[in-house]
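Below is one structure, written out as structure tokens; the observations come after it.
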Amino acid sequence: MEGKKPTIVSGITATGQLTLGNYIGAIKNFIELQKDNNLIIFVANLHAITIPIGKEELRSNIKNMIALYYACGLDPNKAIIYVQSDVLELTQLSHILLCNTTVGELSRMTQFKDKSIKMKAENGTEFIPTGLLTYPTLMAADILLYDADLVPVGKDQKQHIELTRNIAERMNNRYQQELFKLPNDFIPPVGGKIMDLQNPTKKMSKSSNDPKSFIELLDAPDIIRKKIRSAITDSDGKIAYNPEQKPGVSNLLTIYAVLKNITIETAVKTLNNYDYGQLKEEVASTIIATLEPIQIKYHQLIKDDTIDQLIDAGTEKARYLANKKLTKIKNTVGLNYKRK
Ligand code: AQP
């Protein structure tokens with residue numbers, strides 16, 4: 001990795017197939033960020049098992065996701081790309097961090113509270129896995145293991161970055177040295193929040209139970225057309241951007257503008273005279289045109305096994321850095337007992 005460039009670390013949880021929301025809110029930014037930063041990107045499969053997920057589903061999510069990272073334009077010569085569970089150093093660091101974190105800190109995390117309430121409500125279960133509680137320390141390990149300067153996050157993850165900073169600062173004080181770099185969160189330069197097609201006041205999510213609510217990056221053109229045609233809009237018939245009063249139409253305009261690399265104002269001007277049917281056709285065609293080359297590349301990568309070689313090479317690079325850092329941490333904490 002190049003010394004002077006900022007290091008940026010980010011991952012996407014393997015809880016489903018990548019959606020257009022993940023592409024616009026995360027991957028599209030990664031492609032830009034890899035130009036001027038040391039970019040480290042992973043498939044968060046350890047985070048994915050903090051809530052129950054079937055074995056076959058998880059397996060297929062992981063491989064699809066990593067192949068899609070490459071197919072979307074992540075470059076193995078510019079970014080380090082790997083699957084989280086392949087970097088064994090991570091779970092050791094996570095344990096060390098847990099020993100420097102209080103139960104109170106973890107149980108106060110909003111996301112833990114929200115997710116556990118949701119699990120109880122939706123599944124009627126009292127079985128709230130401890131992994132859900134310790135999710136933020138695993139995330140802290142993802143970040144601190146590579147001395148990340150910046151972590152691109154949405155609002156819901158900001159609290160986890162604050163906790164990461166607190167743990168890092170606490171350990172730096174405890175061991176009287178700059179053992180960990182304090183990371184900062186940042187809002188990526190391009191993108192936007194893409195909303196659920198059936199409930200446009202809610203974020204589009206890959207783990208939604210309603211397939212019509214999201215576009216998968218591997219959806220076929222006819223499926224994309226059907227899903228966009230069935231997207232919820234409103235009855236006023238005017239093309240205007242107003243997320244509060246016209247969330248459905250505004251969401252379609254955001255998708256169109258981001259994928260065309262134009263401003264929302266330009267999108268509204270361009271589509272001003274369209275009715276909703278024409279708007280949806282235009283948005284669907286834009287999505288299809290964006291995803292077509294990605295899907296072609298994805299199928300090539302999967303077909304000729306190139307993806308396995310890319311995964312191995314990415315893992316090797318990540319583990320080299322992780323091992324160096326973990327050795328320093330273990331020396332500092334006193335775990336490396338052979339060292340004089
Ligand atoms: N709808 C979205 N619009 C814009 N950005 C989005 N991201 C996710 N959904 C949208 C961005 O994708 C990255 C990875 O997110 P994640 O999978 O780790 O967690 P998430 O934000 O909870 O994503 P999902 O798809 O909604 O997953 P599930 O369904 O498992 O909760 C993040 O950078 C996020 O901002």
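The backbone N, Cα and C atoms fix where each Cβ goes, and this holds for glycine too.
Just so you know, TrEMBL annotations never went through curation; they're auto-generated.
Contacts of N22 (ATP binding site) defined by a Cβ separation under 8 A and a same-chain sequence distance of 6+ are given as I12, K206, L217, in order along the sequence. According to TrEMBL, the ATP binding site annotation covers T13, A14, T15, G21, N22, G154, K155, D156, I194, K203, M204, S205, K206, S207.
If you look up TrEMBL, you'll see 14-22 marked as motif ''HIGH' region'. For the motif ''HIGH' region' (14-22), the DSSP counts in helix, strand and coil order read 3 helix, 1 strand, 5 coil.
Same-chain residues at least 6 positions away in sequence with a Cβ under 8 Å from that of D142 (L-tryptophan binding site) are, in sequence order, V9, G11, F42, A44, Q84, L90. The feature L-tryptophan binding site is assigned by TrEMBL to D142.
Same-chain residues lying 6+ beyond the ends of the motif ''KMSKS' region' (203-207) with a Cβ under 8 Å from its Cβ atoms: 15-22, 193-197, 213-216. Look at TrEMBL and you will find 203-207 tagged as motif ''KMSKS' region'.
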_Filtering T13, K155, M204 (binding-site residues) by proximity to ligand 1: which pass a Cβ cutoff of under 6 Å to any of its atoms?_
T13, M204
*Could you tell me the mean pLDDT over the motif ''HIGH' region' (14-22), as a whole number?*
96
*Quick one: give me the count of other CB atoms within 10 A of the CB of I194 (ATP binding site).*
23
*Just how spread out is the ATP site if you go by the largest Cα to Cα distance in Å among T13, A14, T15, G21, N22, G154, K155, D156, I194, K203, M204, S205, K206, S207?*
20
*asked:* Sequence gap of 6 or more, Cβ distance under 8 Å: name the residues on the same chain that satisfy this around M204 (ATP binding site), in order along the sequence.
replied: T19, L20, G21, I194, M195, D196, L197, S213, F214, I215
*Provide the number of Cβ atoms within 10 Å of the Cβ of T13 (ATP binding site), excluding the reference atom itself.*
22
